[in-house]
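In what follows, a single structure is set out as structure tokens and then discussed.
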Amino acid sequence: MQCIYFTSVLLVIFAQNGQTDDGGMCMAKETCTETQQEAPTNNLYKAADNKYITLIEEALAAYKPCESSNCSCHLDVLKTDLRPFRSGITQDLIELARSYGTKYQIIGHRMFRQRDCMFPARCSGVEHFIRPNLPKLPDMELIINCRDWPQISRHWNASREPLPVLSFSKTNDYLDIMYPTWGFWEGGPAISLYPTGLGRWDQHRVSVRKAAKVWPWEKKLQQAFFRGSRTSDERDPLVLLSRMRPELVDAQYTKNQAWRSPKDTLHAEPAQEVRLEDHCQYKYLFNFRGVAASFRFKHLFLCKSLVFHVGQEWQEFFYDSLKPWVHYVPVPVGINEWELEHLIQFFREHDQLAQEIANRGYEHIWNHLRMEDVECYWKRLLRRYGKLVKYEVKRDEELVEIF
């Protein structure tokens with residue numbers, strides 16, 4: 001996936017500034033004019049503008065829209081995830097993988113699970129998607145990781161076979177098999193507005209889309225917006241820019257379970273949480289990873305606002321179908337306040353480009369991340385995984401029957 005790299009822009013900027021001995025400063029004996037002071041700045045804006053426009057044009061030229069009406073837009077991810085197991089999944093591999101997640105068995109179209117589930121709501125969400133498939137599934141065993149973090153590093157001893165562990169999110173450093181998160185149905189981040197987690201993607205699709213109609217593009221505030229806890233300092237530059245340029249950015253930290261003092265919200269009192277629907281009044285919405293991939297990401301597109309996605313490392317099963325500069329604006333980790341300011345300002349000054357990207361992002365998520373697409377991916381995953389199981393599955397008496 002493409003990503004913008006500001007270093008080259010900054011080099012152009014420094015090179016332009018370095019063409020005069022005085023570094024662009026007006027010396028005491030000179031007659032200072034408004035033109036002399038503004039020309040370098042205008043040139044710098046032009047250089048950055050041209051780079052962004054080129055990136056958008058190149059991305060659109062290479063983009064082939066997915067025309068499918070089912071989950072096939074995402075199936076390349078499934079093929080890639082299952083490729084390490086093309087020679088088959090053995091009982092030995094399952095036993096080695098057992099400590100990395102919750103063990104499930106499907107035998108005779110019945111489902112069994114180990115008694116202790118670390119996160120009951122997460123297990124329940126996973127089981128919701130598996131249950132409708134039971135009548136057509138072969139016998140199999142699954143190790144499903146419901147933790148935030150993936151488990152199977154690709155950097156382990158090269159002679160060691162990868163283990164078949166299913167996780168909702170990962171980076172390229174991991175070989176876990178991705179599944180659509182439990183959070184499409186229940187669970188997910190729990191905050192005061194959503195005490196049991198975001199959950200119910202089908203319902204949020206309707207409610208956020210309704211809010212987007214209340215806030216069409218021409219009525220949205222020309223501000224970048226973010227609310228969330230300080231799970232990493234990657235979010236700090238946007239919050240700091242908000243304090244310097246509140247008319248440009250409204251970004252504030254909220255409390256999380258670990259909050260103890262204003263130090264945990266970058267030396268400010270924590271802000272109130274904001275409903276997903278209320279995000280829609282802003283033109284520019286920022287998404288940051290949390291501990292792993294962000295549950296917020298998919299919801300932001302439904303506002304028909306321009307999504308700025310910080311960092312390309314973390315993935316969910318549907319991320320690969322979203323293309324940078326086509327559906328969202330990619331933002332590198334480590335960007336500073338100055339660079340953020342200029343990036344946001346570019347889209348304020350190129351409103352049509354911003355709206356076009358926002359609309360493409362909305363259409364893609366609305367048409368290709370429906371609840372039926374999530375269910376379809378689960379079905380394809382389970383059936384293809386089941387075909388790889390190369391042993392007779394025998395009932396583990398330590399497991400309890402779920403369905």
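Cβ atoms are placed via backbone N, Cα and C, with glycine included.
The disulfide partner of CYS66, as annotated in Swiss-Prot and taken from the candidates CYS32, CYS73, is CYS73.
Swiss-Prot records a disulfide bond between CYS376 and CYS71, which is the match among CYS71, CYS117, CYS123.
For CYS280, the disulfide partner recorded in Swiss-Prot among CYS146, CYS303 is CYS303.
The two recorded residues, THR231 (UDP-alpha-D-glucose binding site) and ASP148 (active site, proton donor/acceptor), show a Cα separation of 13 Å.
When Cα-Cα distances from CYS73 (disulfide bond) are compared across the binding-site residues ARG227, VAL274, PHE295, the shortest belongs to PHE295. Sequence-distant neighbours of VAL274 (UDP-alpha-D-glucose binding site) (same chain, 6+ apart, CB under 8 A from its CB) are LEU193, ARG227. Taking the C-alpha atom of CYS280 (disulfide bond) as reference, the shortest distance to any of the recorded positions CYS66, CYS71, PHE295 belongs to PHE295.
In the three-state DSSP classification, CYS376 (disulfide bond) falls within a helix.
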